[in-house]
Each structure stands twice: as structure tokens, then as C-alpha cells.
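Remarks on the structure that follows.
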């Protein structure tokens, strides 16, 4: 992986972590895969065998192309490698085609593109405050953050068992966050604009980016009390940001504008005819999207990151047709905050534990049961123990109520997987395990969201991040 050579200077331990998780991903190749495997195979076939004018009209399969154009071009690029593995996977009419070579290609394509995620994690580690530096490597915030991100349980099961390409997409997001922390605002804006044209779910966090860039880049000076100096506004910087977004959008949507197909593209990207809920086990509420108010209070990169997470969590809880996997949009960036303050570590542990457990129904086949339980336990135990060690001089990360709630996930799993299947309710009420998982996890995620929201009002401002 070419990206790894860039990071050897950051310590052999990081390279070992990256190679270790890559090996684990390779071991997961033979596991169960969901219908998303066929979705992406079909998109390979569409972009390879049809002209661009038919990409967003093709409907031979029910799994039509419904991602933005950059992702379509990404599939097009992959298809030119895929043809050397198995040409038959690129036939639009070969529905549900899955040869051993097709499996290997698609699995390895996810692993290979994760190189961008690895590089992004390395860059994010440069932004970690070094005040808590310890002699022991395993107690250093950078090491803990690297494990929390590279070995994230949710990302492992969603991408490398269930099957998706979230790794390199989250890599783009984390890299854009790192660039903002490093005061490289134009790069951060460019990367996020590109990300939006790969997958439009990231529109959820666009308000945080927009307000932060306006506040920290377009306004060039502050008053002594930290408030905005209004006469410091730079129209040149605003225009440069707008031009960056415009050019990226033009590159993505321009060909379809020329073909007079933008309405068709948007109808695929925003299918409002779908129902309110994507899946009834997604642990969320529904209401009007409302996270903009606190975005206005963004001051500094960490404030931006906190509001980004609030946008992601608010959209997950109050959004329309929410995918259960969207919880990762909040968990991964929350990892960056977790190594900075004990309060954020507590929120991260509650959110990640309940959010990750809510993904269990995605892997419903028997062979994957021990895998998901073992990986979840390993990640959760490491997360709790490492963060407790990092903040051992502060108050406990959990109170008795939070501890009781998290321990309750154990009996819930035992009932859903080992008791319920042998009851008479299985045939009459097969939805009960999913319903219980959804409701129980919704309580934890709502609590984490509320606790994070309150912290915006009550926590003192965080000092400037140490520059690397």
C-alpha cells in the first residue's frame, strides 16, 4: 500500500497497527456479504458497459445507481481492473452474479482503497494534543486514537463483512478535518466538496463546514474577547471558497447538465418517494432537522469538530429514511474528541458501544455470530480500558446508571441470539429481536446526543491544539 510508506516516519507502531488490521480484513474475505455486494457489482457493470447517458436511467436490476457522479466514476475506474479478474461480472444482465474471482476483486478493492483512510488517520494523529504524553506507548493519545480509528468495529463489519466502501470515504472526511486543524482551509474545503460528490449523506455535516469556514477563514481577525471583528471579512476568501465548490460541482455534474439529465440524477440521489424509515432497527427518532443553531457557536477546530458530530447525530436521530450504518458518521469523528477530555471520552464510549451494537442485525448468519461478538468485545474492552487509563487522574468515565445500561447489552444479546429463537414467539413475532435492539440502542444514542449537546453549553473552551 503506497500510502503506508509516507507514514513510516510517524513510528513503526502505526505501520504495525495498519498492517495488522489489513491482515484481519484479508481474513474476513470469505465471510457473509449482504445485497450491497450485488449493488456494487451492478454499478461496476453499468458504468463499464453503458454510455454515461444511460448510467442514471439503467434499471435492469432493482439496485439502480443512486450515488453522486464521482462515485460512479470511481466504479468506472474499478471496472477496468475488474475485467482482468472476471469479465462476466461486468455484464448488466448477470444479476446476482458472484464468482470466486468476483468476490476476491470486490473484497480486495475495499481493502486497497482503505489506504486513504489509513493516511487520513495518520494525519489526524498529528492534530492530537500532546499534553498527556506518557512514557508508555500504549498510553499515548496518538496510539489510542490510531487504534480507535483503524480498528473501529463498526467500519470493519460494515465494509469487510457486510460490504461497502465507507473506508476511503471516511478517509476523505477525516483528511478534510485534519487539514482544517492544520489551518489549511482551502484544502479542507476542497476535500469535503469532493466527498459530497462521492456520497451525498455527508450533506448532514455540511452546515458545520460552511459556518466554520465562514467564521475562521473568511473573517481574518478577532477582537481581544474572541468575538468576530466584522470589518475583517474577506470577500476574496469567500469567492475562493465558492469557486472551489463550484469547480468541483461542475466537474461532477457538468456532463449530466450537458446531457440535460440533472433532474434524473437528483431523482436518484434524493428518492423522496421512499418511506420515512429505511429499516426499523435503525435506532433513531424522526423530526425536523435542527442542528444549525449550535453550529453558530463554533470557535476553533475542536468546536467545529463538536458541531460536526452534533450535525451527524442530529441527522441520524431526526433524519428521513436513515440507514443504520449512518451512526458511523458520528462515531468516527467522535474518536478524535475522546482522547482530549474525559467528558468526551465518556460520550464516545456510550455512543460507540450502543451504536456498534445496533449494527449487529446487519450480520444475521450463524457463522458470523462469534466473529461479531468477539470483535465487538475486543474493541469495546480496549476502548474502555485505554481511555480509563488515559484519564485515570480524573473522575470515573461512567456513573452507576451508565454502567448498568451498558452492561444490559449482554443480557439483550443473550436473549436475542440464544433464547428467542427457541421460543414460540419466533414464528408469530419474528421482529421482536430487531425491535428490542432498536429501542434499547436508541436510548443510549439519544443519551449520548443529549450529553454532547449539553457539553457545548457547559464545558469550558478547549485550548489551542498543539501544532506538530
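From the backbone N, Cα and C atoms, a Cβ is placed for every residue, glycine too.
Predicted automatically and left uncurated, TrEMBL annotations should be read as such.
According to TrEMBL, the feature transmembrane segment maps to 12-33, 104-122, 143-163, 189-214, 235-259, 303-320, 327-351, 371-391, 403-425, 431-450.
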Key: CB contact flag for the transmembrane segment (371-391) and the transmembrane segment (143-163), at least three pairs under 8 A   = yes
Quiz prompt | Contact yes or no, the transmembrane segment (303-320) and the transmembrane segment (235-259), 3+ Cβ pairs under 8 Å, gap 6+ | solution = no
Spatial neighbours of the transmembrane segment (327-351) not adjacent in sequence (6+ beyond its ends, CB under 8 Å) are 124, 127-129, 132, 141, 144-145, 148-149, 152, 154-155, 158, 166, 170, 173-174, 177, 201-202, 204-205, 283, 302, 305-306, 308-309, 312-313, 315-316, 358-359, 383-384, 387, 390-391, 394-395, 397-398, 402, 405-406, 444-445, 447-448, 451-452, 455, 459, 462
When counting C-beta pairs under 8 angstroms to the transmembrane segment (12-33), the leading stretch of 104-122, 143-163, 235-259, 403-425 is 143-163
Other same-chain positions with a Cβ less than 8 Å from the transmembrane segment (235-259) and lying at least 6 residues past its termini are 52-53, 56, 68-70, 185-186, 189-190, 193-194, 197, 213-214, 217-218, 220, 265
